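Trainee: Per Swiss-Prot, the features are:
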- Asp34, Asn36, Asp38, Ser40, Glu45: Ca(2+) 1 binding site (BINDING)
- Asp70, Asn72, Asn74, Ser76, Glu81: Ca(2+) 2 binding site (BINDING)
- Asp110, Asp112, Asn114, Glu121: Ca(2+) 3 binding site (BINDING)
- Asp146, Asp148, Asp150, Glu157: Ca(2+) 4 binding site (BINDING)
- 21-56: domain 'EF-hand 1' (DOMAIN)
- 57-92: domain 'EF-hand 2' (DOMAIN)
- 97-132: domain 'EF-hand 3' (DOMAIN)
- 133-168: domain 'EF-hand 4' (DOMAIN)
Amino acid sequence: MTTMAARRSEAAPAPQQLRGSQLKQLRELFRRFDMNGDGSLTQLELAALLRSLGLRPTGDEVHALLAGMDANGNGSVEFDELAAAIAPVLTTQTHLVDQAQLLEVFRAFDRDGNGFISAAELARSMARLGQPLTFEELTRMMRDADTDGDGVISFKEFAAVMAKSALDFLGVA
């Protein structure tokens, strides 16, 4: 075994702990953004993946994220490295959320069905979930999620918040 191969197997364990469907979803996501098909994500490819999730990381943030995931030190992220970074969360009952599932959650919050979540809808939904919000918490959540400043949360803004929350939970944001 070469030194690099030995280093890779130590630093980024294979993602056997992921269930089949999780591994398949993650592999599809990885392949979609591996633009040149070389089996690794460059900084630009990783940035594109993050942007597809609704995030807007700076170049420095993408660089730091890549450095944290790049277990073998080659300057890019291979599938096993991505899987190793995500597996701890996925194996604790968290699943990759597809657009249909995310839309279903969004619609549950969007009580009037107009395609936007208002502050009142957010407050009612959180209370129904057993997580009532103070006025300050509600104001902060709306301010953080409503990136275009129109006073409501669109699906795109909702998806971005959910993606950021997932990355924060992973410790990679």
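Positions of Cβ are set from backbone N, Cα and C atoms, glycine also.
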Trainee: Asp34, Asp38, Asp110, Asp112, Asp146: which of these binding-site residues has the highest Cβ count within 10 Å of its own Cβ?
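Mentor: Counting Cβ neighbours within 10 Å, the top one is Asp110.
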Trainee: Taking the Cα atoms as reference points, how far is Glu45 (Ca(2+) 1 binding site) from Ser76 (Ca(2+) 2 binding site) in Å?
Mentor: 9
Trainee: Out of Asn36, Asn72, Ser76, which of the binding-site residues has the smallest number of neighbouring Cβ atoms within 10 Å?
Mentor: Asn36
Trainee: What does DSSP call Glu45 (Ca(2+) 1 binding site) in the simple three-state scheme?
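Mentor: Looking at the DSSP assignment, Glu45 (Ca(2+) 1 binding site) belongs to a helix.
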Trainee: What is the separation, in Å, between the Cα atoms of Asp112 (Ca(2+) 3 binding site) and Asp150 (Ca(2+) 4 binding site)?
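Mentor: Cα of Asp112 (Ca(2+) 3 binding site) to Cα of Asp150 (Ca(2+) 4 binding site) measures 17 Å after rounding.
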Trainee: So how many of the residues in the domain 'EF-hand 3' (97-132) end up helix, strand or coil by DSSP?
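Mentor: Secondary-structure composition of the domain 'EF-hand 3' (97-132): 21 helix, 2 strand, 13 coil.
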Trainee: Mean pLDDT for the domain 'EF-hand 2' (57-92), as a whole number?
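Mentor: The predicted confidence over the domain 'EF-hand 2' (57-92), as a mean pLDDT, is 83.
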Trainee: Would you please pick out, from the binding-site residues Ser40, Asn74, Asn114, the one with the fewest other Cβ atoms within 10 Å of its Cβ?
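Mentor: Taking Ser40, Asn74, Asn114 as the binding-site residues, the minimal 10 Å Cβ count falls on Asn114.
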Trainee: Can you figure out which of Asp70, Ser76, Glu157 (the binding-site residues) comes closest in space to Ser40 (Ca(2+) 1 binding site), comparing Cα atoms?
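Mentor: Nearest in space to Ser40 (Ca(2+) 1 binding site), counting only the binding-site residues, is Ser76.
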Trainee: Report, in whole Å, the straight Cα-to-Cα distance of Asp110 (Ca(2+) 3 binding site) from Asn74 (Ca(2+) 2 binding site).
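Mentor: A Cα-Cα distance of 45 Å.
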Trainee: An 8 Å radius from the center of the Asp146, Asp148, Asp150, Glu157 Cβ atoms defines the neighbourhood of the Ca(2+) 4 site; name the other residues of that chain inside it, in order.
Mentor: Ala145, Thr147, Gly149, Gly151, Val152, Ile153, Ser154
Trainee: Report the residues of the chain - excluding Asp34, Asn36, Asp38, Ser40, Glu45 - with C-beta within 8 Å of the mean position of the site's C-beta atoms, for the recorded Ca(2+) 1 site, in sequence order.
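Mentor: The answer, listed by sequence position, is Phe33, Met35, Gly37, Gly39, Leu41, Thr42, Ser76.
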